[in-house]
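Visitor: Just dropping this structure here.
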Amino acid sequence: MPEPGKKPVSAFNKKPRSAEVTAGSAAVFEAETERSGVMVRWQRDGSDITANDKYGLAAEGKRHTLTVRDASPDDQGSYAVIAGSSKVKFDLKVTEPAPPEKAESEVAPGAPEEVPAPATELEESVSSPEGSVSVTQDGSAAEHQGAPDDPIGLFLMRPQDGEVTVGGSIVFSARVAGASLLKPPVVKWFKGKWVDLSSKVGQHLQLHDSYDRASKVYLFELHITDAQTTSAGGYRCEVSTKDKFDSCNFNLTVHEAIGSGDLDLRSAFRRTSLAGAGRRTSDSHEDAGTPDFSSLLKKRDSFRRDSKLEAPAEEDVWEILRQAPPSEYERIAFQHGVEACHRPLKRLKGMKQDEKKSTAFQKKLEPAYQVNKGHKIRLTVELADPDAEVKWLKNGQEIQMSGSKYIFESVGAKRTLTISQCSLADDAAYQCVVGGEKCSTELFVKEPPVLITRSLEDQLVMVGQRVEFECEVSEEGAQVKWLKDGVELTREETFKYRFKKDGRKHHLIINEATLEDAGHYAVRTSGGQSLAELIVQEKKLEVYQSIADLAVGAKDQAVFKCEVSDENVRGVWLKNGKELVPDNRIKVSHIGRVHKLTIDDVTPADEADYSFVPEGFACNLSAKLHFMEVKIDFVPRQEPPKIHLDCPGSTPDTIVVVTGNKLRLDVPISGDPAPTVVWQKTVTQGKKASAGPHPDAPEDAGADEEWVFDKKLLCETEGRVRVETTKDRSVFTVEGAEKEDEGVYTVTVKNPVGEDQVNLTVKVIDVPDAPAAPKISNVGEDSCTVQWEPPAYDGGQPVLGYILERKKKKSYRWMRLNFDLLRELSHEARRMIEGVAYEMRVYAVNAVGMSRPSPASQPFMPIGPPGEPTHLAVEDVSDTTVSLKWRPPERVGAGGLDGYSVEYCQEGCSEWTPALQGLTERRSMLVKDLPTGARLLFRVRAHNVAGPGGPIVTKEPVTVQEILQRPRLQLPRHLRQTIQKKVGEPVNLLIPFQGKPRPQVTWTKEGQPLAGEEVSIRNSPTDTILFIRAARRTHSGTYQVTVRIENMEDKATLILQIVDKPSPPQDIRIVETWGFNVALEWKPPQDDGNTEIWGYTVQKADKKTMEWFTVLEHYRRTHCVVSELIIGNGYYFRVFSHNMVGSSDKAAATKEPVFIPRPGITYEPPKYKALDFSEAPSFTQPLANRSIIAGYNAILCCAVRGSPKPKISWFKNGLDLGEDARFRMFCKQGVLTLEIRKPCPYDGGVYVCRATNLQGEAQCECRLEVRVPQ
């Protein structure tokens, strides 16, 4: 069952709707399922419908159709369609055809039956019953304008076609159901195919949206005002959510505005829509057709509705702007045609507005917050009412308590919302609502950069092979971009590239690589990128071992074997050019890269040319099979032994065998009686000696001498090396030939009649040994030179060439750099990535095959020199020096910068002289010791580990000669007036100047040279500084600075005023006293603090309290009258002086108090008997017994009185609680409170409150019971 409160998922994407048709027409109902291949049943009144003459059933992919032919009133009723567990019901209503009206009889065939109404009228019209559609007589249904409750897609109501006259306004509306959406839908409006209307919002086009919280329906509107003919055309509305998408197309027709004198009656009667074309308006008579009264009526309606023909109501735009919020000013101004709105809006902003102060919030939220993804954020407000309730909203919807994601805190007047584990879904607008007030903020969730933890690997493939690039990033679900040669690979190229995600792993797959796919591929994330190279080579088949000629005897086995580079390549065996068909005697095998042809029981018919042709390659491997026929001739008995070979004699051909292959020497022999066969192998070579001629050997001039060898007898009949002898032949076999088996073998046959001997030379060849590790040199930006030595042993065959491989140091994949063998012992490798460490290795190749790889070279990193520095300029020139400055090169590269070199040369000379030994890291330099008057060119080069980069040279020669410049002081504006500083403050006066050569600077004060350690002067080539660490009054005065070059000079005067607090006024005295008034007089202070006295402060103090109160402040005169004194009190008076620094530290005060007497009356205070208010403690409200629940704070209260204030003590079961931090005791206005924090059952017992003072003691007690919650 579906979960409660959730809508079950329907199996239909498109549901059939109820229809109303006329009798005799056909009704068509369509349904679309979520996936194809679903069994769908159609029912009427609970019974299944089958295909017959009445009902037509059709299914095409996801689309299923029911057609009711020749509908009659009997076909009315309830129908249903069922797919799986989903069932949708709909109704069919059949009506009698209406009689044709007279007006319609005059309309030509093909005229439209109804005139579409404008979109504004469609919205105001009353919709017909839910789900109904009107069906024409040809069976085509038109959707009703009303919105069905069960939407198709995401729309509740789709925007409809509309018409408007030029200058009019129209509104297109779309409603989207939001009950099942987790986030607000995103709606985009388009005109034509690609024009996004959000970029065209302005005076004539506006987009509005709203949300009805009660019905949970989103309303999106497109407002077009002052429509023009260019506004006509097709529009599209697209709505999308997280996992759903829907769109709707609609049209807007704009008619020309028709005045009362412009209406052409004849053209109005002409039909303006052509068959098979869109609507168009034409005033020419050539395009006119038959009269069309509906068109005339339509133009009449549009003429009446034309907004330009009606007098618009007067609107006070100024009043609307005054009542609107500032964010709506620009929209209202554009809407009412006010284009130059800057001055009115400026005036409106300048008007005084009564800003309403927030009464609910004391501290609001900040305008915006930012938090990293996965972190926690706290949003805090402070309320005016601590007991007020708050609501937190996210994008307008209230946040509910859900686990540990949202935490609501309330501490006093503070309200806090804590969001844990922030994700991108938390990036939203938040509001805190208190009553009718609210404050808003924006939360921005910042994603940490996605790093690449495993980089891409270089790959080398053949054409047609599968390529897969793989990388690993730091986060799952991260978005990555794949690029080829800097161009992003988009999803539109999925027919060639396939993108795959597996957790943190990302794959780029090319199913069949072509030559065009070669290049540099990169994967880019928000935190970096990784680059790899793909090299695609055309398929080229290499033959590691070719087939060889064979010579075998009858009934023997012949084996042809070859080895190629590609184990997937198949081939065909040919015999004399014809394909060889395998049978029981002839077998063909293919294991890995080895192809083998085996012929058992060889016969003379098998002697032929055999070839192996690989499929798909224009090459073949050929060999010949020789059949050795043994001829038996009749010989008399006592025949001497004879060895029958193809090359008899003392120098037979050398027999070559590959290491690991089987060596079989089949030697036919004859003799009677049967001879004895002896096989021997030469072990060591002896001395040279003369030898007699062999009896059967041909005469040869050079055959009179031969070498004498020490020989090893071979007589084993089993094992790896064995000898098998029969009557007519002797077979010498070596299983798995090795290097030690190489040498000269001697076959000797003997019988009583004589003997015969033959030497056979066997040579064992192998693949070469691995070369030594290659050496790397001439490392450049993307290239290097690789050098190596030949292998120590070439395998018995000359080395044909070498194969070079490289890999990234942190990778495990080696990539081949050449397919054609390298003949030289060096190679320049290119197309490497700068800044990536590489290793190289080399293979040696001979006729047998490829050697093992050499050890890897030392790691190296291709690094190119940096670019040339920029903006080289001459900063200063003197008689022997030139000051240069420049900026870093635009391209630094992976090698960084080690420094810069500076060189110079004479004009017209090509020899450059270094200006300094080594490099400098600074970007400026002073070149010294240059010849005066010389014209020199300067150049600067940047260096790194790869060497120097390109130089930058001064554009013109520089003449080494001092340029005389008149001295001039550039006195800052703030130093041209009196400089005021307080005592103790530092003084730092910087005065820039100009002049060449360097001017001489002189400071004087009052015409005297400056002296003393407190004032210091610091000079540089461009400015001078006067510095005083702590200013004193004696530093005040007039300073003069002079810069001089020979007989030229410039002066400037500075006035420094050091100010301090003034001294107190002098000679304060009381001039007169009368009534409630006192007249005071004093003299100005002796020291005014080196600045003007701003005023005085007069204070009075009552003799009884001696608390001073200010009477006059900032008073500028030296006499005053203090009024409103109290009769009978005595007063003291004092006066402070003030200047710009502050008030004087001391005041001038009157020595004797001034008494204000009551005239004529002497007051005698009454005598009273002193009362004793002391009282012993007593409890006015004793403690009461309580029963509380454990874990919740508890309070015990009582009230006590007594004088003097009694001392309070609390006890529990006789123990004093004053030292226990779990108990808090309060006393306010005689009310005593004991707070027990989170009590436990152990806190139960008898509590006593005791009050004690000098008059006595009192106490009260109660019993506290702590219950454990059930």
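Here the Cβ of each residue, glycine as well, is placed from N, Cα and C on the backbone.
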Visitor: If you check Swiss-Prot, which stretch out of 94-152, 271-329 is marked region 'Disordered'?
Guide: 94-152
Visitor: Pick from 683-702, 943-962, 963-982, 1083-1102: which range has region 'Disordered' per Swiss-Prot?
Guide: 683-702
Visitor: Where does the phosphoserine label fall among Ser10, Ser47, Ser857, Ser1036, going by Swiss-Prot?
Guide: Ser47
Visitor: Among 1-24, 337-360, 1201-1224, indicate the range for which Swiss-Prot gives the feature region 'Disordered'.
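Guide: Comparing 1-24, 337-360, 1201-1224 with Swiss-Prot, region 'Disordered' matches 1-24.
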Visitor: From the candidates Cys422, Cys439, select the one that Swiss-Prot records as forming a disulfide bond with Cys432.
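Guide: Partner cysteine, according to Swiss-Prot: Cys439.
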Visitor: Can you tell me which of these residues Swiss-Prot lists as phosphoserine: Ser173, Ser410, Ser423, Ser1174?
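Guide: Per Swiss-Prot, the residue annotated as phosphoserine is Ser423.
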Visitor: Since the record lists Ser47, Ser455, Thr603 as modified residues, which of them has the fewest other Cβ atoms within 10 Å of its Cβ?
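Guide: Counting other Cβ atoms within 10 Å of each of the modified residues Ser47, Ser455, Thr603, the minimum falls on Ser47.
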Visitor: Which residues in the same chain, at least 6 apart in sequence, have a Cβ under 8 Å from the Cβ of Ser72 (phosphoserine)?
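Guide: Looking at Cβ-Cβ distances below 8 Å from Ser72 (phosphoserine), excluding near sequence neighbours, one finds Ala23, Gly24, Val94.
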Visitor: When a 10 Å sphere is centred on the Cβ of Ser423 (phosphoserine), how many other Cβ atoms does it contain?
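Guide: Total other Cβ atoms inside 10 Å, all chains included: 12.
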Visitor: Of all the modified residues given, namely Ser47, Ser423, Ser546, Thr603, Arg1237, which is spatially nearest to Ser455 (phosphoserine) at the Cα level?
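Guide: Minimum Cα distance from Ser455 (phosphoserine) across Ser47, Ser423, Ser546, Thr603, Arg1237 lands on Ser423.
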Visitor: Check Ser72 (phosphoserine) against DSSP and tell me helix, strand or coil, would you?
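Guide: Assignment for Ser72 (phosphoserine) reads coil.
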Visitor: On a C-alpha basis, identify the one among Ser47, Ser546, Thr603, Arg1237 that is nearest to Ser423 (phosphoserine); the candidates are the modified residues.
Guide: Arg1237
Visitor: I'm trying to understand the geometry here, so how far is the Cα atom of Thr603 (phosphothreonine) from the Cα atom of Ser546 (phosphoserine), in Å to the nearest whole number?
Guide: 24
Visitor: Count the Cβ atoms, other than its own, that fall within 10 Å of the Cβ of Arg1237 (omega-N-methylarginine), considering every protein chain shown.
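Guide: Other Cβ atoms within 10 Å of Arg1237 (omega-N-methylarginine): 12.
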Visitor: Kindly report the helix/strand/coil residue split of the domain 'Ig-like C2-type 4' (540-629) according to DSSP, in that order.
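Guide: Grouping H, G, I as helix and E, B as strand yields 3 helix, 47 strand, 40 coil.
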Visitor: Summarise the domain 'Ig-like C2-type 6' (967-1061) by DSSP state, stating how many residues are helix, strand and coil.
Guide: 6 helix, 57 strand, 32 coil
Visitor: Relative to the Cβ position of Ser546 (phosphoserine), how many further Cβ atoms are located within 10 Å?
Guide: 15
Visitor: Expressed to the nearest Å, what is the distance separating Arg1237 (omega-N-methylarginine) and Ser47 (phosphoserine) at their Cα atoms?
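Guide: Cα to Cα, Arg1237 (omega-N-methylarginine) and Ser47 (phosphoserine) are separated by 74 Å.
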Visitor: Please list the DSSP helix, strand and coil residue counts for the domain 'Ig-like C2-type 2' (358-448).
Guide: 3 helix, 49 strand, 39 coil
